[in-house]
Amino acid sequence: MHGSCSPWVMLPPPLLLLLLLIATGPTTALTEDEKQTMVDLHNQYRAQVSPPASDMLQMRWDDELAAFAKAYAQKCVWGHNKERGRRGENLFAITDEGMDVPLAVGNWHEEHEYYNFSTATCDPNQMCGHYTQVVWSKTERIGCGSHFCETLQGVEEANIHLLVCNYEPPGNVKGRKPYQEGTPCSQCPLGYSCENSLCEPMRNPEKAQDSPPRVTEVPSTRATEAPSSRETGTPSLATSETLHFSVTKVSDSLATESSPAVETKAPSSLATEGPSSMATEAQAFVTEVPLVSARHMQPSVDEGPVNFLTSTHIPVPKSMDEEASKSSATSVSPKKSLYPKMSLTESGESVPQIQEEAEPKDELSEPEAILPEAEAAPTEAEVELREPEAESPKAESPEAEAESPLSSEALVPVLPAQERGGQKASLEHSGHPASPSLPTFPSASGNATGGRTLALQSSWTGAENPEKADWDLKNSAHVWGPFLGLLLPSLLLLAGMV
């Protein structure tokens, strides 16, 4: 009677021992946890570099690189793969029973003790290439493979676990530093966001593209159109209830568009689209500031509906009318100013033209307000008082005075506009005589591309300028002097007859 026996018992002892070694032998593939640990440790060391990196990319696992690394690890060669192409590579070997991923990455990172970042050099007789590859900022993909080698070519010991990691894009470019020093994430590429001091790719790259500034167009129904200024002499006006504005295009009627622009641009002629059109861009202010432009500019725009004064137009000699006919303009100012500032926009090329038109070549019947060109821009906190350049003839109204502006690069806060003689403030556009009543205007700032930035503050009151008060007294003396000379003999004759 034969008893049953296991087939394992029938095997020769040497073969059975070999099968047991194969069954219980060390594993050669990295587990999912080991792969994640590999990526996490790389990113941890990359985020903690010293000095900090401004362009360090976040590293992620790549299966193709892992397969390439595994294929080379199976060759059991202690040396870099000469056929790796455009791939970086780090190697690690251990004679213990299993692979230790934290120990491998930690050994690579310890090489930073021998690396001089300022000179991008390694200490003599030391290795730094593993560390520089770990922290190479442009590298963002890693794939690793391990293999158990009974014999490792180039090493005397037996039974070694070999770890091979490949990187893309490769690091260790000769003559270059591993990363750019600076504030973390301050130089991330387009399409990347900041995560734990590393530049992480955005999930939706389309959102990373620079979108143009949002422009909100004002509907045509909100604009009040008027006939062309060339045909009727009255410029077209349009207002918007937007809080901020930056682009104003005028072609027979003004319309405002809202966008976060910061500069004021004006071409030399200030007329680019049609006979009566002009294109300007004004800065969006933090506080709502009504704008009043002097020459070819849009009227003031406020948060709510704005009421404008009736245009002031005083006839002038033919030479001035011909010059003014080239550009339609009118005097516009708010009836009641709620803000102490307004904007005076000037073009660098048109400033001499404004000054040339403002200089009186012939005596006029009305006094003129002169806007002199600043000879030199003063420093911040330096304000230069300038005398008026034009001599005004006799004023028909005792309230008419000459202008004495202040020149500065910064905005000069002043008192709000004052009303005198029951008349409202009026700002001249293109060199026409000013209105009989000239009140104190707030400060005005100018910002033009290709020109100069000026802050002008006009002082109109005679009490603030003693010279102007003396000018009024002298004029009154000149007027009454001849009459007193004629009346005195008559009075003496009458006294003798009596």
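Any Cβ shown, glycine's included, is placed from N, Cα and C.
Annotation source Swiss-Prot lists compositional bias 'Polar residues' at 218-277 (among others).
The compositional bias 'Polar residues' feature in Swiss-Prot is assigned to 344-353 (among others).
Feature annotation from Swiss-Prot assigns compositional bias 'Low complexity' to 367-380.
What Swiss-Prot lists as compositional bias 'Polar residues' is 437-447 (among others).
Averaged over the domain 'SCP' (39-167), the predicted model reaches a pLDDT of 97. The domain 'SCP' annotation in Swiss-Prot covers 39-167.
What Swiss-Prot records for Asn116 (among others) is N-linked glycosylation site, and it gives sequence analysis as the kind of evidence. Every protein chain shown contributes to the tally, and the Cβ of Asn116 (N-linked glycosylation site) ends up with 10 other Cβ atoms within 10 Å.
Here Swiss-Prot flags Asn447 (among others) as N-linked glycosylation site.
Among the features that Swiss-Prot reports, region 'Disordered' is placed at 204-277 (among others).
Annotated region 'Disordered' per Swiss-Prot: 317-407 (among others), in sequence order.
Taken from Swiss-Prot, the feature region 'Disordered' applies to 419-467 (among others).
As annotated by Swiss-Prot, signal peptide applies to 1-29.
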Number of helical, extended and coil residues in the domain 'SCP' (39-167), per DSSP: 40 helix, 38 strand, 51 coil
